[in-house]
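Chemist: Submitted below is the structure of interest, expressed as structure tokens.
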Amino acid sequence: MGSVFHAFPQLRTAAPRLARRLFVCRPCLNSPARAFPLRTWSRQPSVLQSVRWTSTQPLRSSAATAEASAAAAATRSSAKSSSWPKTSSKGVAYWLLGSAASVFGIVIFGGLTRLTESGLSITEWRPVTGSLWPGSQAEWESEFDKYRASPEFKQLNSSMDLADFKQIYFMEWAHRLWGRAIGITFLLPTAYFIARRRVTPSMAWKLAGICGMIGFQGFIGWWMVKSGLKDDLFAEGSHPRVSQYRLTAHLGAAFAVYCSMLLTGLGILKENRMLANPAKAAEWVRTIQHPALRLFRASVAGLSLLVFITAMSGALVAGLDAGLIYNEFPWMGLGLTPPKKELFDPFYSHVPDQSDLWWRNMLENPSLVQLDHRILATTTFTAILAFFAYTRFAKSVRAKLPKDAKAGVMGLVHLVSLQATLGISTLIYMVPTWLASAHQAGALALLTGAVVLYSRISMPRRAILRQIMNKPQVPKSVQAQPLRSRISASQAES
């Protein structure tokens, strides 16, 4: 047999192809979906061999081969990613919004815990056993003995009895239990949604990140409480209180968790609405990408950041009890600001050369901390009103701005007006508990309005944009263009 191949080298080259030709039926042979393994030879066929083979079986064109390869690759890719949805379920969005509402509530309840001076009543951090309510008289006596050893009891509450202690203990215990409930009701559904493929891969990472933020928030809470249980963490003879730095970190982390839940939930609902009506969504994309709205979108992000910073300055005011001085507005004593010597007092400097004079006073001097909060609050109020005027009097913005964005801007004006009223009233009436709690709720409500407005004008994920632009409801003239070209063309036409 070998001598035959040596005598007829053309037969040696064509043998594998002849076997395929003779022993495979024609429908299977011409089917582009099947692939037959062929033995490759190092020797290239001659021109005569190529002509003979072409006469026996027409070769498929290179374009058809490339198309078949692309189809096979797409099939393999879709098979790998078919277990993950293209967009997250609406149920996930509603769960996120419910979790955000729970975080909103615990922030307000935490403020009440601080205002009633109940935050230092539990002197230990027991993540598991600490969730149990003391069930016997001996357990209550044990908890009360631990509180008696704290600086707060020795300097402020030395006349407190067990009945009064139970009241403040309940506030702190309920606050901690609520935090544990938020952690459990977020961690377990997150694991379920990821295991059942109810969310996209990117959303799975976002949910895992929020879980980590919740756990870290619990640690920050104890780190804050711990600062009020030791005499060496505050000046000798001063009012026992938690560190204003740690209080601000605790509140800021809570705000970050809340905004993450809110923005993520709203984003899922927005993606589902856009996929349900691709034609309307494509028109919205063209509108929101108009150059006239570029400054508007940047301004919304800037306002959200300004509201957050103002709220954090309010946490410094609360931590230092700075709202109990200069209880008038807009004056602070004899003028709009206290004397410079009072604002930059060398008493707050911790180094001999006083190189930390400025930042120490800005963060630890109650007079300057209150002044900073007044300036930031006034700036926020003025900026939102100016932003509202810009959307009403700039013709290009007013003509292109979607209706829901206009409603969001109007909502911001109402919220900032209410918050300014609450803040001034809290200061004038020397921080009553109910009014101070309402002022804190107003700060988070104002941040909510800014986040909702940002969600309404932000672009969806690129994968969602591709799906929208490739839907049959979208005009073919728009579908034929690449995504970037569509956006640029829409901007040029406008």
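For all residues, glycine too, the Cβ spot is worked out from N, Cα and C.
Sequence annotations record features per position, and here TrEMBL assigns transmembrane segment to 92-112, 177-195, 207-225, 245-269, 303-326, 373-391, 412-431, 437-457.
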Chemist: Which residues, given as numbers and ranges, are at least 6 beyond the ends of the transmembrane segment (92-112) yet have a Cβ under 8 Å from it?
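Modeler: That would be 171, 174-175, 178-179, 181-182, 185-186, 189, 193, 198-199, 203, 251, 254-255, 257-258, 261-262, 264-266, 268-269, 272, 318, 433, 436-437, 440-441, 444, 448.
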Chemist: Residue list, the transmembrane segment (177-195) vs rest of chain: Cβ under 8 Å, 6 or more residues beyond ends.
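Modeler: Same-chain contacts beyond the ends: 88-89, 92, 95, 99, 102-103, 105-106, 109, 127, 131, 204, 207-208, 210-211, 214-215, 217-218, 221.
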Chemist: What else in the chain is close to the transmembrane segment (207-225), if you only count residues 6 or more beyond its ends and a Cβ gap under 8 Å?
Modeler: 119-120, 122, 125, 127, 176, 179-180, 182-183, 186-187, 190, 193-194, 199, 242-243, 246-247, 249-250, 253-254, 256-257, 260-261, 264
Chemist: Report, as numbers and ranges, which residues of the same chain sit near the transmembrane segment (437-457): CB under 8 Å and 6 or more residues beyond its ends.
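Modeler: Same-chain contacts beyond the flanks: 104, 107-108, 111-112, 115, 255, 258-259, 262-263, 266-267, 270, 288, 293, 296-297, 300-301, 303-304, 307-308, 310-311, 314, 318, 402, 404-405, 408-409, 411-412, 415-416, 418-419, 422-423, 425-426.
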Chemist: Give the nonlocal contacts of the transmembrane segment (373-391) in its own chain as ranges (CB under 8 Å, at least six residues past its ends).
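Modeler: Tertiary neighbours of the transmembrane segment (373-391) are 296, 299, 303, 306-307, 309-310, 313-314, 316-317, 322, 329-330, 332, 397-398, 401, 406, 409-410, 412-413, 416-417, 420, 423.
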